[in-house]
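Reviewing the structure listed below.
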Amino acid sequence: MAAATSIQPRLFTTFLGDCRFLPSHSIHHLFRFNPGRGNVSMKMSRTFSGLTNLLFNRGSNEEFADSKRQRLKPGTISPTRPVPNHIPKPPYVKSRKPPGIASGPEIHNEKGIACMRASGRLAAQVLQHAGTLVKPGITTDEIDQAVHQMIIDNGAYPSPLGYGGFPKSVCTSVNECICHGIPDSRALQDGDIINIDVTVYLNGYHGDTSATFFVGEVSEEAISLVKVTKECLDKAISICAPGVEFKQIGKIIHDHADEHRYGVVQQFVGHGVGRVFHSAPVVLHYRNNDRGRMVLNQTFTIEPMLTLGSINPIMWDDDWTVVTEDGSLSAQFEHTILITKDGAEILTQC
């Protein structure tokens, strides 16, 4: 589950003119990253309420010029699913407040590594199961139900549930949704792509992973975007090792995306993960000058988000769902990795 930065691109639209849609006081959620200060902060006020309505009041039959795909619209969100009392919950659930951000990296001893492997393995298994459910006609809420049940059946807690007010147990981001899509009543349609982002909290440790899946027969442009996004993640993981600068992750991802003329979303980033859901380091997926270096036994996520068109995000009025400003497709893949003496171990693969 990605964190969000405070980097503020320009928004140019035919109906709003030239404006800043993410001013310094308006990114509402999760995190922002201040490159100058090297830290992360939480929760700012929202100032563009009603923008979603403006986007959607252009007619329910609006389609893109190159396809029959229509823009996403919010569906109905079902009640929050219960978690048995015997399952340990992350501290932020009980507080019902946005969690603080750990400034230090997640570096583990042998016991911690074993716990991270267990949580990562379960997250991978849940994601794999969720992927088998993807087909035309299933709703994202049904996927959430299955994910929720599998996680609690294994004695774990679905980390997104209650995190900063998030109402569901998994993020389901369809088509132009960059990240943090809330599962709802919308049925998947033939030709869609969907990113499913799973995080589990098991024995006091979070495992975080995501993948983008095809729904039925998809376009060649969608296939290519998803393929290249996965390649970006694989290439980034391949260079990770003790002492490697984190900025090398952004460079290799950005270089590969550029080769295929895809955009790299900059506002949402990878992060440290382990005993807390989000911590240092902030892992940028684009070219940058971060001076930080990887440390032995450290765990963090890499989760590039690529787009066919604009990289500028717009947040819906649900305060979570983030979509591309032009409605172009977006894809994402994510793994939690452990830095070892030989390189990097992927913790979230079956």
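Heads up, the Cβ atoms here are built off N, Cα and C, so glycines get one too.
TrEMBL annotations:
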type     : residues                       : note
REGION   : 62-105                         : region 'Disordered'
COMPBIAS : 81-91                          : compositional bias 'Pro residues'
DOMAIN   : 114-341                        : domain 'Peptidase M24'
BINDING  : HIS180, HIS278                 : substrate binding site
BINDING  : ASP197, ASP208, GLU334         : divalent metal cation 1 binding site
BINDING  : ASP208, HIS271, GLU303, GLU334 : divalent metal cation 2 binding site
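All protein chains shown were included, and the count of other CB atoms within 10 Å of the CB of ASP197 (divalent metal cation 1 binding site) stands at 25.
Apart from the site residues ASP208, HIS271, GLU303, GLU334, the chain places the Cβ of MET1, ALA2, ASP197, THR209, SER210, GLY270, VAL273, PHE300, THR301, ILE302, HIS335, THR336 no farther than 8 Å from the centroid of the site's Cβ atoms, the recorded divalent metal cation 2 location.
Calculated from their C-alpha atoms, the gap between ASP208 (divalent metal cation 1 binding site) and HIS180 (substrate binding site) amounts to 13 Å.
For GLU303 (divalent metal cation 2 binding site), the nearest neighbour among the binding-site residues ASP197, HIS278, GLU334, judged by Cα separation, is GLU334. GLU334 (divalent metal cation 1 binding site) and HIS271 (divalent metal cation 2 binding site) have their C-alpha atoms 11 Å apart, to the nearest angstrom. With HIS271 (divalent metal cation 2 binding site) as the anchor, the candidate binding-site residues are HIS180, ASP197, HIS278, and the one with the nearest CA is HIS278. Highlighted in sequence order, MET1, ALA2, ALA123, CYS171, VAL198, THR199, THR209, SER210, THR301, GLU303, HIS335, THR336, THR348 have their Cβ within 8 Å of the centre of the Cβ atoms of ASP197, ASP208, GLU334, the residues recorded for divalent metal cation 1, and are not part of that set. Listed binding-site residues: HIS271, HIS278; maximum Cβ neighbour count within 10 Å falls on HIS271.
For the compositional bias 'Pro residues' (81-91), the number of residues in each DSSP class (helix H, G, I; strand E, B; coil) is 1 helix, 0 strand, 10 coil.
Between the alpha carbons (Cα) of HIS278 (substrate binding site) and ASP197 (divalent metal cation 1 binding site) lies a span of roughly 15 Å. Of all Cβ atoms in the shown protein chains, 27 besides its own fall within 10 Å of the Cβ of HIS180 (substrate binding site).
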